[in-house]
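Enquirer: So that we are looking at the same thing, I have put the structure below in structure tokens.
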Amino acid sequence: MPRSLSLTLQLFLAAACALACAKALGLSNPFWAAMPVWVVQQAFREDLVMRAILRVAGTLAGALISLTILYLDPSPGWMAFWLAIGVGASAALAYWIGSVMSYGSFISGITILVVLLPYISSLPHDQTLTPFALAVDRILCTLIGVVCVTAVTFPFTPLRPQPLAPRNMNGRVQQSLKRFGLCAGMACVASAIAIAFPRFDVLAGCMTLVVYPMIMSSAPDPRPILKSLLPGVAIGVMAGIAYLAATFPLAGDPMQIILVTVGFLAAGASLRAHPRTAPIGLDANMCFLLVAEVGTWRHGLTDAALAGVGLATAALLSYVVIRYSLLRPSTL
């Protein structure tokens, strides 16, 4: 069996199992459980295991930090300040580490963002979506996704044939500080926008406005990520809207919804598994899950489409910011 086909089946099975388990447990955001599948899977077994461990550890650390901040009950302005410090520090530390070990720091920052920014925006929420419930939901979904992807892909993932080459240490502290400033600044901008316009679609864009600078700031070389960013986001947003358009008329027929979901997950797994499309597939699958909110149907098609537009716009802004801040145009 070709390697890409085998990996497609593995990723599909892991994502489907994670989504089904989260849905069966009644978690508020079951689509979160499928997200680790697309990022924890690695080419070599050592990296797979380390990513799985760090995904859980980073999520727990980020949840603890964000809940501590919420417990102290600062004003929205001070909460935005601590959010900026948290995401900036996590991105800077991830860049400074510069290896697979950096993933835990990065994920802790993402978790802080996911828990705090919706609270800062003052969006109405029911009891299932309080900050504490969001943190617990994220922890459980992370555990489910990590267990599923590790259990399914571990037997088929080879050992690394040789150790990684040591990383160049020159200028690392200066570059880390630069990334801290960039991500903290983007978090401040996102918080200000979210406070001024407390809407779901705006919140989706504000999240993206922080997430992608964090991703690219954490990477030793963000150029490959930057090149696949916009195509992946566009595919994911369009797929999410198409999924909702296909499933909303099927609200009374769970079996047909499951079949449609299977088709989209299989397509996403194929895109992520093929060597030529793997980077685009990563962004596409993550954006698809965010826009479609698979398993929740919390928002209508119009709201989801607006959120997709906000997400894509924020991704474009992130692209421009990274291109002309961390990278010189001539290096791309």
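Placement of Cβ uses the backbone N, Cα and C atoms for every residue, glycine included.
Just so you know, TrEMBL annotations never went through curation; they're auto-generated.
Here the structure is a predicted model, which means the values were calculated and not measured.
Quick paste from TrEMBL:
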type     : residues : note
SIGNAL   : 1-20     : signal peptide
TRANSMEM : 48-72    : transmembrane segment
TRANSMEM : 79-97    : transmembrane segment
TRANSMEM : 103-120  : transmembrane segment
TRANSMEM : 132-156  : transmembrane segment
TRANSMEM : 176-195  : transmembrane segment
TRANSMEM : 225-245  : transmembrane segment
TRANSMEM : 257-274  : transmembrane segment
TRANSMEM : 304-322  : transmembrane segment
Enquirer: Checking distant contacts: for the transmembrane segment (225-245), what same-chain residues at least six beyond its ends satisfy Cβ-Cβ under 8 A?
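Expert: Sequence-remote neighbours of the transmembrane segment (225-245) are 212, 215-216, 219, 260-261, 264, 267-268, 271, 279-292, 294, 297, 301, 304-305, 308-309, 311-312, 315-316, 318-319, 322-323, 327, 332.
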Enquirer: Six or more residues out from either end of the transmembrane segment (103-120), which same-chain residues have a Cβ under 8 Å from its Cβ atoms?
Expert: 50-51, 53-55, 57-59, 61-63, 65-67, 69-70, 76, 79-80, 82-83, 86-87, 89-91, 93-94, 97, 129, 131, 134-135, 138, 183, 187, 190-191, 194-195, 203, 206-207, 210-211, 214-215, 218
Enquirer: Short question: which residues 6 or more past the ends of the transmembrane segment (304-322) have a Cβ under 8 Å from it?
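Expert: Beyond its ends, the transmembrane segment (304-322) has Cβ neighbours at 182, 186, 200-202, 204-209, 212-213, 216-217, 222, 226, 229-230, 233-234, 237-238, 240-241, 244, 287, 290-293.
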